[in-house]
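Copied over from Swiss-Prot:
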ACT_SITE  SER86  active site, acyl-ester intermediate
ACT_SITE  ASP218  active site, charge relay system
ACT_SITE  HIS246  active site, charge relay system
Amino acid sequence: MEISSSSKKHFILVHGLCHGAWCWYRVVAALRAAGHRATALDMAASGAHPARVDEVGTFEEYSRPLLDAVAAAAAPGERLVLVGHSHGGLSVALAMERFPDKVAAAVFVAAAMPCVGKHMGVPTEEFMRRTAPEGLLMDCEMVAINNSQGSGVAINLGPTFLAQKYYQQSPAEDLALAKMLVRPGNQFMDDPVMKDESLLTNGNYGSVKKVYVIAKADSSSTEEMQRWMVAMSPGTDVEEIAGADHAVMNSKPRELCDILIKIANKYE
């Protein structure tokens, strides 16, 4: 899909739980080849970020790389397209609330998408409610951690879980890469930011155009779960990718890039 020079955007891509900027490598290359700026970030204690999971005490600290990147966007007239995958949708939501004027659109790719008037932990709570116990953790490991907020747990995604729930439609090379690079992740479900029903406002978060990309072959967050989140935020545009597993950027990178470029052309 071609783009005009006037519609080129800066995409900032945010990974999901336990992953890192590395998972966006196909999408970053395609967006840059199309003439866009594309930046994939490591959240704190993720990917190549130097912190350990027990050194990151709050969800805001975890999301700080994104918040700092959005705050620093200083090109004249530059507005960003924020793209969040899975748990990364919650970091994107926080950035939308803080910097709505800097965001042309936010794209939630098989992602947790909160809504105004409810706390940010609601999508995760609903996901757990809908998921049968035997399919929730499989061979994932729960790791005890202690940080500045006290004791808690992080999760390590197991190889069978990755193969059956996240990457079942993706190339074998991408599954192998994920097995080597995933790190323990913290969902921060007890963080005050996750429990504040007044955090997301109509004037900020609600004012930013949202697009939800439904992964129709997602074995983790089912299509029904994804549509439930869309229904909770009326006015959200919807795109669908047939055959996309949870790791949409690996199973259907070309289709995802086409959608992102279409969004860049549509929203100024």
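Using N, Cα and C of the backbone, Cβ positions are placed for all residues, glycine too.
Taking the features listed in Swiss-Prot, we show where each one sits on the structure.
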| residue | record | Cβ within 10 Å |
| --- | --- | --- |
| SER86 | active site, acyl-ester intermediate | 26 |
| ASP218 | active site, charge relay system | 24 |
| HIS246 | active site, charge relay system | 25 |
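Distance between Cα atoms for HIS246 (active site, charge relay system) and ASP218 (active site, charge relay system): 5 Å, as a whole number.
Across the fold, the C-alpha of the residue listed as 'active site, acyl-ester intermediate' and the C-alpha of ASP218 (active site, charge relay system) stand 11 Å from each other.
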